[in-house]
Amino acid sequence: MLENFVNIGVLSVVSIKCYLLFYKHRVDLIKIIAKLEEFFPKSGIDQKTFNIEKHRKKIKKFGSIINGIYLSMVIDFILIPVMYKLYGWISSYQVDWVPVHTILFPFDQKSPFVFWSLHFLYVWTASANLLTFNVTDLFFASMTNVLSMEFKILAQIIGDIDLNDDEKTEESAIKELKTFVDVHEEFNQIALELDNIFAFLLFVNVFASISFLCVYVFLFFFGISYYLLTKYFVCFIGVFIQVYVYCYFGDRLAESSNGVADGVYNSAWYKASPKFRKMALMIMKRAQREQKIRAWKFADINLNTFYWIITTAYSYYSFLVGVYEV
Amino acid sequence: MQVQQPKYTGLVADLLPNIRIMQAIGHFIFRYITGPILIRKLYSSVTLVLFLFQFVCILINLGANTDEVSELTANTITALFFTHCITKFIYVALNAEGVYRTMGIWNQSNTHPLFAESDARYHSIALSKMRRLLFLVTLTTCMIAVFWTTLTFFGDSTKLWKDKVANETIVVDIPRLMIKSWYPWNSMSGTFYYISLAFQLYYILFSMLQANLSDVLFCSWVLFCCEQLQHLKGIMRPLMELSATLDTYRPNSAALFRSISAGSKSELILNDEMENEKNSNYDMNISAIYSTKADWGAQYRAPTTLQNFNGMNGSNPNGLTKKQELMVRSAIKYWVERHKHVVRLVSAIGDTYGLALLLHMLTSTIMLTLLAYQATKIDGITVFALGVIGYLLYALAQIFLFCIFGNRLIEESSSVMEAAYSCHWYDGSEEAKTFVQIVCQQCQKAMTISGAKFFTVSLDLFASVLGACVTYFMVLVQLK
């Protein structure tokens, strides 16, 4: 019964994500990507100064981890009947071809043709689902990554602002600061729009992840189908990594938007005029109110939330164990 | 004899439908009416007596059935459910002065000719939302009463009775009524049965309406404050534009004064100017971030009335008349005074209704714990299961209603700072810049409604209540 619940749950979460991202908010996403592209440093010198390569490497690392997990999931699903048959042949038990999941099908599932076509169908749909998961997670991760990178660039620029005692640099410094405020506000608006788009999705994701985590662990230890152990293990790792990706990048965004205030402080503000200092004060005040992604008004998405998800999933797991033993 | 209706202004006029319905179902609110008060007082007192009578009957039934655990739990839940209604009824009666005072705070508000349009727009938005909320809650309550009555006629109307002599539980017939209650007459059948049925229907509908409508009154107040904060955020940008005309040369000052408070950013600036601003911001490559803004001067033909820089308006580069200058300086005063007015209203709301929320939360916590216990005994889609789920959803929905509005107030009040940052504050006068700084400093602390200082009303509260409920349920299932 729990396996069916998990299958249905995964399918519904995937369809909600698909609908939200690729239908309801498709225009907004394109707008955000266009805006982010405008502010992206394009010349080689800029890219070196701001160390774009480091941010790229990070997202590539996460991307490759996610891809690896999902690839191993698909391969595992394909090979489960084969491995079980192999296990039976080695230990000289008589085992049948086992289906990876149980469905209600009007035809005889024992015949090879039906069995292998159902198996193929399952693997195909599972890989399509996992691909959607993959895409939506990486969407969120890369957009927040680029936005965090741009906040960090802002912090670096304002830290290096040229301030001397003469009037010429004073004037240009004030002008720089004005444009800085405009760009900062642009980034804040982009972060707000991202929050709007991903809010409900993350809310559903958080609660779905908690239930999937606890059910997969429970099934791993107390499940009756031994041949599905690898499936549960790989799925658990997949959900775990997914939750971590969301929380990590949400945390990164909040931190980097906070870093703008540090960047202002890092500049040589003590050399500047009172007018500059007053403007810097306003910027710091705004930047210290960090731009965060929320799970639809309930909670912020940062690494604290990750800890909360894991602990809640564990407490639900122990509850399930308690009920099972009774 | 007074022939015409007195004209109500301000918050009272907005909430008049709510007040009228509350007065019609018996709340002790005796202001804002024409006509004799004595009859209304009599009506409210009779309602109070009837409600207390029914409540005492429920308690007597509770006391008479303490032997059997499941009956005890079910009766306690019913008693707690109607405790809400009695509490709200008596609370509003005792605290009517507080309600009048809160309504009276927004009898009149300051106005400014430049921002009157934005004010009216947000006021009408608030009004429509309040009406919609009132309609939805009243409709839902009536539907719940109907649903409850319908559910009574399904299933067995029996109770469990512990026979002390044989020391076993037997099933005893009770009258098929909505609430299990003792009556001084025999309500098993006949005319007395129908009287009891009608009385219980009246009781359920009116007491639920009473409790919910006072919550709706609270939510409407909070909604009004949120829309006022939206108005203040909306006029931030025009305010900055206006104050900039005092110090620096602006070629389109006449346009500013003409169509000022439309509230949206783009209407203040002529279209060409907006395009130029956009272009100059967007042709940034980050290494040359300091691109200059478009040159203001020559392309715009300013009206001739503004071009006379003669000695009369020497200090002002835009040639504003004395009257216009005064208007600009009073705009900041308007903003600050309106904000202070909203803060006063929010603190009055907290003082008036905070204790009621605290009592509500206390009753709800106990009720939800018992409901969690009842929920562990569900074993299928029965009348019992539907009843338990109905109680649960209703209790959670009540808490969710005021938590979501409290949360919105917190979000709105703390985002004033973000609105202040997003208008071009650096172009304003020195006066405007210090104004923005002080406003930002003050708005960092969000305006909250607290339940008599015990907790703040926000979605965190709802999440913790929900979490506690789930925890109790899990523990009780394991203990079973």
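From the backbone N, Cα and C atoms, a Cβ is placed for every residue, glycine too.
Marked as transmembrane segment by TrEMBL: B:46-64 (among others).
What TrEMBL lists as transmembrane segment is B:76-94 (among others).
For B:133-154 (among others), the entry in TrEMBL reads transmembrane segment. For the transmembrane segment (B:133-154), same-chain residues at least 6 beyond its ends with a Cβ under 8 Å from one of its own Cβ atoms are 17-18, 21, 176-178, 201, 204-205, 208-209, 212-213, 215-216, 219-220, 223, 383, 386-387, 390, 394, 401.
Residues 21, 25-26, 47, 50-51, 54, 82, 85-86, 89, 138, 141-142, 144-145, 148-149, 175, 177-179, 181, 183, 185 of the same chain sit 6 or more residues outside the transmembrane segment (B:191-209) yet have a Cβ under 8 Å from a Cβ within it. Here TrEMBL flags B:191-209 (among others) as transmembrane segment.
Per TrEMBL, the feature transmembrane segment maps to B:353-375 (among others).
Long-range contacts of the transmembrane segment (B:381-405) within the same chain, counting only residues at least 6 positions beyond its ends with a Cβ under 8 Å from a Cβ of the stretch, are 77, 81, 84, 137, 144, 147-148, 151, 154-155, 211-212, 215, 218-219, 222-223, 226, 357, 360-361, 364, 367-368, 371, 374-375, 457-459, 461-462, 465-466, 469. The transmembrane segment feature in TrEMBL is assigned to B:381-405 (among others).
Under the heading transmembrane segment, TrEMBL lists B:454-475 (among others). For the transmembrane segment (B:454-475), the residues of the chain that approach it from at least six positions outside its boundaries are 357-358, 361, 364-365, 368-369, 371-373, 375-376, 396, 399-400, 402-407, 410, 448, judged by C-beta separation under 8 angstroms.
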>> Under 8 Å between C-beta atoms and at least six residues away from its ends: which parts of the chain pack against the transmembrane segment (B:46-64)?
In response: 25-26, 72, 75-76, 78-79, 82-83, 85-86, 89-90, 93, 179-183, 199-200, 203, 206-207
